[in-house]
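Undergrad: One structure, as structure tokens, below. Some questions next.
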């Protein structure tokens with residue numbers, strides 16, 4: 001006695017049931033993350049956007065019905081506030097100087113490690129990456145010691161007859177000091193990214209170029225850099241976003257001083273939340289968000305295009 005074949009519609013219904021069960025199981029595993037994301041990420045983001053168009057402050061928390069819509073007033077007030085404008089200027093300098101310097105130094109280190117110029121490559125990799133995994137507080141203690149008037153940096157300059165400034169108390173040198181610290185701290189991350197990109201460049205291309213008589217600079221410009229374009233774009237975007245949000249360096253080292261010379265936009269926003277100006281701080285955070293979006297689009301425009 002032979003079994004009758006299952007009709008096609010029955011097989012299709014069984015397949016749909018299995019697919020629905022698999023989908024439900026998948027959503028069951030994803031549900032905790034989705035709920036947490038909506039409650040602790042998406043919800044506050046949307047609430048903050050709405051809050052930026054109100055006059056909510058600390059005194060309104062117990063009487064929320066007294067909160068009024070003020071339209072774009074908070075955003076207009078921001079650009080009339082000299083401290084906010086100064087924070088934007090400081091952040092812009094931090095990004096325009098810090099990002100290219102960090103990327104250039106990280107790429108140079110990655111090239112040295114990848115080509116075998118640097119001996120003991122494993123030791124160097126660990127050494128350059130160590131600041132990334134080190135606590136910012138520990139780093140700040142070390143850099144405060146280095147940048148003190150009688151610290152290591154001024155002692156080093158003194159060997160050459162140069163009198164070093166009071167780095168963290170000078171309005172001219174405080175921001176460059178934080179940029180120097182941030183560059184040193186972030187080189188390790190980009191070095192690892194660039195190393196991964198360099199190891200994906202086919203060696204055959206370099207060997208063929210060497211046969212044609214190309215020197216190291218020519219090979220770097222015509223082979224390595226074009227092959228690293230996606231890596232450079234990724235590194236530029238994440239570094240730009242990180243530097244635009246720089247907060248830990250001024251918060252730990254200078255508290256935004258002296259005379260707001262190291263006040264960043266992120267730190268200004270933090271201070272306004274601390275003062276209870278919730279709607280005003282929300283507006284500042286969205287100005288920073290728009291700056292991040294604009295910088296990312298510019299980087300995609302210039303680094304993401306294909307020749």
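Just so you know, glycine gets a Cβ as well, placed from its N, Cα and C.
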Undergrad: If you check TrEMBL, which stretch out of 126-146, 147-167 is marked transmembrane segment?
TA: 126-146
Undergrad: Among 206-226, 227-247, find the range that TrEMBL records as transmembrane segment.
TA: 227-247
Undergrad: Taking pairs 6 or more apart in sequence, does the count of Cβ pairs under 8 Å between the transmembrane segment (227-247) and the transmembrane segment (126-146) hit 3 or more?
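TA: The transmembrane segment (126-146) and the transmembrane segment (227-247): touching, no.
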Undergrad: Are there residues at least six beyond either end of the transmembrane segment (126-146) with Cβ under 8 Å to its Cβ atoms? List them, or say none.
TA: 109, 152-153, 168, 177, 181, 184-189, 191-192, 248-249, 252-253
Undergrad: Mind checking which residues of the chain, 6+ beyond the ends of the transmembrane segment (93-114), have their Cβ under 8 Å from one of its Cβ atoms?
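TA: Counting only partners 6 or more residues beyond its ends, the transmembrane segment (93-114) has Cβ contacts under 8 Å with 121, 124-125, 128, 175-176, 178-179, 182-183, 186-191, 193-195, 198-199, 220, 224, 232, 235-236, 239-240, 243-244, 246, 264, 295.
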